[in-house]
Amino acid sequence: MKKYVMALDQGTTSSRAILFDYEGKIVATSQKEFTQIYPKAGWVEHDPMEIWGTQSGVAREVLERMAISPQDIAAIGITNQRETTIVWDKNTGKPVYNAIVWQCRRTAAICDELKTQGMADYIRENTGLVLDAYFSGTKIKWILDHVEGAKEKAEKGELLFGTVDSWLIWNLTRGKVHVTDYSNASRTMLYNIKQLKWDDKILKALEIPKSMLPEVKESSAIYGYTDHQTFGGADIPIAGAAGDQQAALFGQGCFKEGMGKNTYGTGCFMLMNTGDQFVQSKNGLLTTLAWGIDGKVEYALEGSIFVAGASVQWLRDELKIIRDAEDTEYLAKKVPNSNGVYVVPAFTGMGAPYWDMYARGAIVGLTRGAKAEHIIRATLESIAYQTRDVLEAMEQDSGIQLKSLKVDGGAAMNNFLMQFQADILSVPVDRPKITETTALGAAYLAGLAVGFWKDKNEIESKWSVDTVFEPGMDHEEKERLYKGWKRAVNRALKWEEENELDVK
């Protein structure tokens, strides 16, 4: 009997490998950060070879550290930063350009051009996404247009595109398998999530040859086996894949319509399961595929907040007013409130429900009495306010009122933030015992495909709560604070656009 399932969690700032046992408990974990490349303002890249190097490295390391044989691994599940775009040469396996990361804004002008062609409504109605630089489609076009010879090679069928899951599976199988899953495909802005196929009209508008695209499969299925050289001769089935947020929804056991979770990572991502219903948002949310499993797909509504944990990194690395992310909880509690200060961390624009590529960060409400602690507290509070923005939009779209919010991700360990979140939402916030739900979701998807776990009911029974944060704030106080947030956001919207007009 095989004892473990390995999750490869390829994130925005690090690659991790986590081993789970049958109970869904973490046995071992290994992590390695990699380089963030910022060639110009608003541009973000990663080196695809470094993504593969760090990811394969931690996978081997986690086995070696625990002296576990690769033969004991029942399956590998992959979860990944979504939308990040890699184009590589089919014959050499070498990328033709760096990975263009989901946060990168370089293709805003391509999006504007598509809008003038009248593509925005078509894209929203068929891919569930808003026309934005965030998604893979325009990033592929940028690579084909700007890398010498890329367009010609693509037309000859010599280039392949993949999101990070595809790139890892391609490398794990030494180029034998070029696939993605429904959840990742639904983030490319090229996939028709009603018809479940690549959309010819969008491909034509972006001049992307279909031959570049991976085959789309269920999120829980055996895609292929690890190449002999990867894990010392072991043929481990690669049996699950899902974009990080959909994987977290699965790992949290949100299998029923109306169940939702928020992941507090670099960005913040809130998803609500809408079952087999494609719910078209009227409030700037995305409609996305949650997963494909057991021969059918399920949909979700998603609100993306671009900057959450990244604003805490900014306090640490740029402002240098904290030494460690963990310090924020203690420092935020040193003051009774934010002293009227609001931080709007729109460093790369604003996501749902605003979708403003030209918004920029702002700190408002400063007085002479504003201290570092107030700015730290206001930064944490901004994460909770943005979550409320998204939740209100979700409830309006779906007609479902959330009873409680399941939370995970690094910042979910911050008790101050979780309590403030419950207060500002007026719903209980449930933090599970295992907060590594993204990796857990990938492990569950892979384990189900190979029979390591029987079905979703068995998985659901393993979810257990660690802490419930009950709302306790006075209604008037809560609404007063939230109104102030809305005023602060209005100061930050359209900032860059106005700046460009001034220059002209």
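The backbone N, Cα and C atoms fix where each Cβ goes, and this holds for glycine too.
Annotated glycerol binding in Swiss-Prot involves Arg82, Glu83, Asp244, Gln245 plus, out of the candidates Tyr134, Tyr191, Tyr299, the residue Tyr134. Of the listed candidates (Gly118, Gly162, Gly410), Swiss-Prot assigns Gly410 to the same ATP site as Thr12, Thr13, Ser14, Thr266, Gly309, Gln313.
Report note: the ATP site is defined by Thr12, Thr13, Ser14, Thr266, Gly309, Gln313, Gly410, and the residues of the same chain whose CB lies within 8 Å of the CB centroid of those residues, excluding them, are Gly11, Gly265, Ala310. A Cβ within 8 Å of the Cβ centre of Arg82, Glu83, Tyr134, Asp244, Gln245, the residues given for glycerol, is found for these other residues of the same chain: Gln81, Thr84, Trp102, Arg187, Gly243, Phe269, Ser304. Counting every protein chain shown, the Cβ of Gln245 (glycerol binding site) has 30 other Cβ atoms within 10 Å. Its Cβ taken as reference, Arg16 (ADP binding site) is surrounded by 23 other Cβ atoms within 10 Å in the chains shown. When the binding-site residues Thr13, Glu83, Tyr134, Gln313 are ranked by how far their Cα is from the Cα of Asn414 (ADP binding site), Gln313 comes first. DSSP assigns Asp244 (sn-glycerol 3-phosphate binding site) to a helix. Rounded to a whole number, the distance between the Cα atoms of Thr266 (ADP binding site) and Arg82 (sn-glycerol 3-phosphate binding site) is 12 Å.
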